[in-house]
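Colleague: Have a look at this one.
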């Protein structure tokens, strides 16, 4: 009998993840099952908003502090970890100045016109130049406080919205099939990458009014997911195939493919320091890579004994649907078809905590890392408190160093071997 945990682990000894709240979809009188799925959930980089595709073309934008207040009330009655959203004067999309009111940010319900399969927040840093040169005029002059939401639709379109007003800004129409995933470069350049069922990734420059910069080809089938490294220099993309693609985003060329999965790879995310890459696959595993050296550092299994490569390529009830890296750089979360959400530490091969989650599809950590949002086939979102532990000074130093150095650069340092192994995550 196949199990969800290795024989050496007693399921009763694993911590129970704390469920803290749920956002439900309003039930329409003629509601159909198809089209209700929450394919994607996202947090704004500054912690101000939470967005989810609640099915039937609708995206909900909710102030995150308001969510936390409703869900997780601490002992003193204060909302736990409610990071106060920025309330700054901001530039309107058309260049005019608009003063943000002192009260809470507004909630928005956006009808995108088609089923929403992917969404992502993007924020602008004015000093970051557009990739295109000789531009004298722009429709949009994105200010310091601009917060955008990109939505990828079933019909291949990408719509860009102003988060603060709910207003549609751009309609991008080059993909020929469903847009499954979107990701903004973290550097504030407003470079957007879209992953589609049409087997391509497309790179867009929103500072150049949404012009398409490049089509990245190489995937033989659907592209499910893409993710930028924290310094925006590398893009990872995965899809209906066993390979993990790494792209150089300065030259917009393929660097290499990582081989190791035995089934479709459906989700990917870099660690906050950029040293590690986590990928989730239908082969029942999450693999944590050193992508600089194309080596596997850690395998997190969801089926025991693990399936052989031949059987891992088929259907099973342990398909991993999504993986997300916690901002602390030490924890991961995974969503699997066995009706569980798992919280992992990169220091252990067994989960730290588990929770019961039926029909989970996607997950994302809040900006400060204290909460995990999980989307379901029914259109709702469930929230979990993440396992807490204080990071060691060693780990924080490692993250600081690895934000600036590749594995190869660390290996050239004249330092003792145990320290070198620690900095390169060989000793996790």
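For all residues, glycine too, the Cβ spot is worked out from N, Cα and C.
Caution: TrEMBL annotation is automatic and unverified by curators.
From a predicted model like this one, the values you see are computed outputs, not experimental measurements.
Per TrEMBL, compositional bias 'Polar residues' is recorded for 78-95. If you look up TrEMBL, you'll see 78-105 marked as region 'Disordered'. If you look up TrEMBL, you'll see 142-171, 172-214, 216-257, 258-290, 320-354 marked as repeat 'WD'. What TrEMBL records for 387-428 is domain 'SOCS box'.
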Colleague: Mean pLDDT for the repeat 'WD' (142-171), as a whole number?
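Modeller: Mean per-residue confidence for the repeat 'WD' (142-171): 92 out of 100.
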Colleague: At a C-beta cut-off of under 8 Å, are there same-chain residues at least 6 beyond the repeat 'WD' (142-171) that contact it? List them, or none.
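Modeller: That would be 44, 46, 48-49, 51, 53, 59, 61, 86, 88-93, 100, 105-106, 108-110, 112-126, 177-182, 184, 190, 192, 194, 196, 198, 204, 206-207, 209-210.
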Colleague: Looking only at the repeat 'WD' (142-171), how are its residues distributed among DSSP helix, strand and coil?
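Modeller: Counting residues by DSSP class gives 0 helix, 17 strand, 13 coil.
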Colleague: Count the residues of the repeat 'WD' (172-214) that DSSP assigns to helix (H, G, I), to strand (E, B) and to coil, and report the three numbers in that order.
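Modeller: For the repeat 'WD' (172-214), the helix, strand and coil counts are 3 helix, 23 strand, 17 coil.
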Colleague: Go ahead and report the DSSP secondary structure tallies for the repeat 'WD' (258-290): helix first, then strand, then coil.
Modeller: 0 helix, 18 strand, 15 coil
Colleague: Looking only at the repeat 'WD' (216-257), what are its DSSP counts of helix, strand and coil residues?
Modeller: 0 helix, 24 strand, 18 coil
